[in-house]
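**Q** Please see the structure below; I have some questions.
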Amino acid sequence: MGRFIFVSLGLLVLAFSLSGIGADQHCPSGWFSHNVSCYKLINDWKTWDEAQRFCMDEQENGQLASINDVGESVKLSDEISKTWSIIDVWIGLRLSKRKSIWEWIDGSNVTQTRWEEGEPNNFLKKEFCVVLTSRSRYLKWNDKDCNRRHRFLCKF
């Protein structure tokens with residue numbers, strides 16, 4: 001009986017110690033994880049629509065990234081900052097011209113907003129898509145012309 005408990009405890013300790021190793025196992029190679037989602041930074045310059053199509057082609061259920069809570073925002077900020085420091089990054093938020101509200105491309109609810117001060121400003125009445133800004137260390141949003149080219153973040 002004592003040996004069974006010892007072996008069981010040993011296996012339990014081993015399982016917990018390995019749980020942090022390979023934390024991105026459920027994500028394909030080149031992707032990183034947060035909770036149940038996988039993300040990939042794309043080092044191509046594309047318009048918002050081109051970036052969205054790329055994400056859809058890259059992975060089944062792929063979209064430009066939605067950001068639904070502060071923890072996700074901080075994780076993405078940390079990961080993007082490891083790769084880039086002066087480049088804004090497209091995310092999956094855009095202004096619905098029909099409804100005049102901001103919507104995530106994946107259909108999830110906009111539960112929080114993280115606009116930079118003075119944003120969204122719809123400069124020249126042409127800014128309907130959103131980037132994470134490098135000057136905020138990728139924590140804040142700015143509306144941009146959807147036809148501008150930026151690097152981007154995919155999610156599935």
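Yeah, the Cβs are placed from backbone N, Cα and C, and that goes for glycine too.
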**Q** In Swiss-Prot, C146 is disulphide-linked to which residue out of C55, C129?
**A** C129
**Q** Tell me, from C27, C154, which cysteine Swiss-Prot puts in a disulphide with C55.
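**A** Here Swiss-Prot pairs C55 in a disulfide with C154.
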**Q** For C55 (disulfide bond), what is the secondary structure state per DSSP, taken as helix, strand or coil?
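**A** For C55 (disulfide bond) - judged by DSSP and reduced to three states - the answer is helix.
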**Q** Roughly how many Å lie between the Cα atoms of C38 (disulfide bond) and N142 (Ca(2+) binding site), rounded to a whole value?
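**A** Cα to Cα, C38 (disulfide bond) and N142 (Ca(2+) binding site) are separated by 23 Å.
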**Q** Let me know how many other Cβ atoms fall within 10 Å of the Cβ of C129 (disulfide bond).
**A** 26
